[in-house]
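Record features, source TrEMBL:
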- A:Lys7, A:Phe8, A:Gly9, A:Gly10, A:Thr174, A:Asp175, A:Tyr180, A:Arg185, A:Lys210, A:Val211: ATP binding site (BINDING)
- A:Thr47, A:Glu74: substrate binding site (BINDING)
- A:265-348: domain 'ACT' (DOMAIN)
Protein chains: 2
Amino acid sequence: MSLVVMKFGGTSVGSIERIKNVAKIIAKKKDQGHDVVVTSSAMSGETDRLIGLLKEIDKDYDLREYDALVSTGESASCPLVAQALISMGYKAVSLSGIQIGLETDHAHSKARIMKIDGARIKKELADGKICIVAGFQGYNPVTNDIATLGRGGSDTSAVAIAAAIKADVCEIYTDVDGIYTGDPRIVRKAKKLDKISYDEMLELASLGAKVLQSRSVEFGMNYNVDIMVLSSLEDKPGTLVTKEDDEMEQVVVRGVASDKNQAKITIKSVPDRPGIAATIFSRLAKEAINVDVIIQNVSTEGNTDLSFTVSKTDLSRSLTVCRETAKEIGAKEVLADEDIAKVSIVGVGMRSHAGVAAKMFEVLAANSINIQMITTSEIKVSCVVDEKFAELAVRVLHEAFVED
Amino acid sequence: MSLVVMKFGGTSVGSIERIKNVAKIIAKKKDQGHDVVVTSSAMSGETDRLIGLLKEIDKDYDLREYDALVSTGESASCPLVAQALISMGYKAVSLSGIQIGLETDHAHSKARIMKIDGARIKKELADGKICIVAGFQGYNPVTNDIATLGRGGSDTSAVAIAAAIKADVCEIYTDVDGIYTGDPRIVRKAKKLDKISYDEMLELASLGAKVLQSRSVEFGMNYNVDIMVLSSLEDKPGTLVTKEDDEMEQVVVRGVASDKNQAKITIKSVPDRPGIAATIFSRLAKEAINVDVIIQNVSTEGNTDLSFTVSKTDLSRSLTVCRETAKEIGAKEVLADEDIAKVSIVGVGMRSHAGVAAKMFEVLAANSINIQMITTSEIKVSCVVDEKFAELAVRVLHEAFVED
């Protein structure tokens, strides 16, 4: 017998029929003799409906009231899941973020989890009950106000709850059946992975493989929670996200990913003085804009060109900041390019295998794909290329690194 | 400056347009210099939608989960009202039953209020904020579970909150503009009352004038809270429900009411022994069936006929109980009559005016309306008549007692 946390997204509980199906999956787990804690999202469409009502009043809404409003989505779906189990003859109880003592900071609409008091969950489990916990929501213990973790935050709360109650595994049920070596819609020969390390998953998640929210993986890594990604539609093995082992090091590239939600900004003729780059990037940081790949050309005549990427959604705000700053520091002009994509290979095996980056450049060159920018980490190499080459790049890299 | 509690029902917050209208009514009150606490119901239709989802799973649902589910209706409407005020430039904050410390007993779906901690509301008022409090919901401090007060319970929570924070008045906004001397749909000359005593209102509420929930009036009486019934559609004076004063005693009959939701049960040839009536009525009480008018005929040959009324909705359960009991005690048969109505006149002035009941019987007799049963209290006389005479009886009694 083990202690299992199961997480279901909005689509899985999107109708009463689906809720009954989810209840069967949960009941089966309980029948196998496990203690079961479930976290559920709002019924699909419900969160958008609530936000729609709020925006009808005011597009520039108050974040505290936003949290109080949207948290009702999960607070409504969980009693329905609990009822479905009770009607099947199981003991079940729905619990809100406040009830399980999920404490957050003050950042309404994107709060961070500070602490989870597992006492209530443990009491209910000891009574033989299945706990159905509202994902995505907690409360600020200082103000006693509800706070939500931001969209997708129910993955994070599931893993955090698993950590708090020392669950053996956190199962994330989704509409895909696991993590693949590449996007199956692009790469025909993409294979499902049995397991993947936290580090690799983090790189893939941030690179556009949107199966798991990055913060949930960080939580899993920090608290050593095994995360299993599974299908809620089919009963078959998923992918385990877990800590790195020796076997994993044998594989150089675990997966290939692409991200088209990128835009490149170039500031021309920036005076090459100490502190200039810091000025630009600290102003972007103040606007909460994440900068990804950065390259600075070799200086000529005391001036240099500075290029970096931001997400497409942040582009217009970034340009405003950059144009103001360019004027102040005496840079020549600011250019934007939205037609780019970032293509990446990820694998912990890179640490012990040389020449991986070189091989990547060769493969791209052999297919006439020009590399605009490069960035690397210990377990990842990313290249920015023309957007129209994104799928081709993924395919040839998958062939060269994964299929061989 | 005074402290005002304003209560809005589901119809008043049934759409974003109506929520904006309610916000204007609230803002006007605030502009007059008052401290304002609002309690709101769920948007009309929302509670039924949620219960519908639950019944789709199981008609025989769990009451704890029912409470967790339906309480989300108010938890969603209050942030929308708060946002509408914030967008108009006011400081406002939505609060749940847990947040204001509204403690209840264990009776899920029809919980009773045990205590309200007014601290959070007072703190927010001191910060200049308008508080938008979810009506109808509280929590059980022992289990830390959400409990609802039963349908219509938002009137009660409004008055209870007004009592807890010592508000000067509790304004109940409805789709009618006050309490009338008779149902205006039946009595053309019905007049709106400026004020009415708690006792009179309680009699009228329990007699089918469904403007205010009885429990809210009891709360008002027990804690001496002035309750003003007002229209949320038109800006005009309403009716004040308040403690009796000398002036009120001058009026013999405050209002005339009828109640068609009544059925008569007659148990024939009941052995006339001590304890027999107690047996019957204690068994009905155990089934939570409220018995209203009771008459027992003069005994003949050691047997008597026993008649009483129950609400139509309780009739079939009552008959089951009565037939079982009749068999045990050796009564002859059990008859039911659904075609009855109770017609009543109410007024605190009756205490000091003789002959009121006699005049009522004369008026009914003069109009050939046969009286089947009679019951009286200090401030009320009720007659059970054939249902088809209900409207006629109300009209002639209104003419005789109110219009003259």
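Quick reminder: no glycine exception, Cβ is built from N, Cα and C everywhere.
Caution: TrEMBL annotation is automatic and unverified by curators.
Positions of the features from TrEMBL, shown on the structure.
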{"residue": "A:Lys7", "record": "ATP binding site", "DSSP (3 states)": "strand"}
{"residue": "A:Thr47", "record": "substrate binding site", "DSSP (3 states)": "helix"}
{"residue": "A:Glu74", "record": "substrate binding site", "DSSP (3 states)": "helix"}
{"residue": "A:Thr174", "record": "ATP binding site", "DSSP (3 states)": "strand"}
{"residue": "A:Tyr180", "record": "ATP binding site", "DSSP (3 states)": "strand"}
Between A:Thr174 (ATP binding site) and A:Glu74 (substrate binding site), the C-alpha gap once rounded to whole angstrom: 17
Helix, strand and coil counts within the domain 'ACT' (A:265-348) (DSSP): 30 helix, 37 strand, 17 coil
Proximal to chain B - binding-site residues among A:Lys7, A:Gly9, A:Thr47, A:Glu74, A:Thr174, A:Tyr180, CB under 8 Å: none
For A:Lys7 (ATP binding site): intrachain residues, at least 6 apart, with Cβ closer than 8 Å: A:Val38, A:Thr39, A:Ser40, A:Gly135, A:Ser154, A:Asp155, A:Ala158, A:Cys170, A:Glu171, A:Ile172, A:Tyr173
Length of the line joining the Cα atoms of A:Tyr180 (ATP binding site) and A:Thr47 (substrate binding site), in Å: 29
Neighbourhood of A:Glu74 (substrate binding site) by C-beta distance under 8 A, where only residues 6 or more apart in the same chain count: A:Ser40, A:Ser41, A:Ala42, A:Ser96, A:Ala134, A:Gly135, A:Phe136, A:Gln137, A:Ser154
Cβ atoms near A:Thr47 (substrate binding site) (within 10 Å, other residues, all chains): 21
Residues that sit under 8 angstroms from A:Gly9 (ATP binding site) by C-beta distance, when 6+ apart in the chain: A:Ser41, A:Ser44, A:Ser154, A:Tyr173, A:Thr174, A:Asp175, A:Ser232
Packing count at A:Thr174 (ATP binding site) (other Cβ atoms within 10 Å of its Cβ): 21
Model confidence over the domain 'ACT' (A:265-348) (mean pLDDT, whole number): 90
Neighbour count (Cβ, 10 Å) for A:Tyr180 (ATP binding site): 23
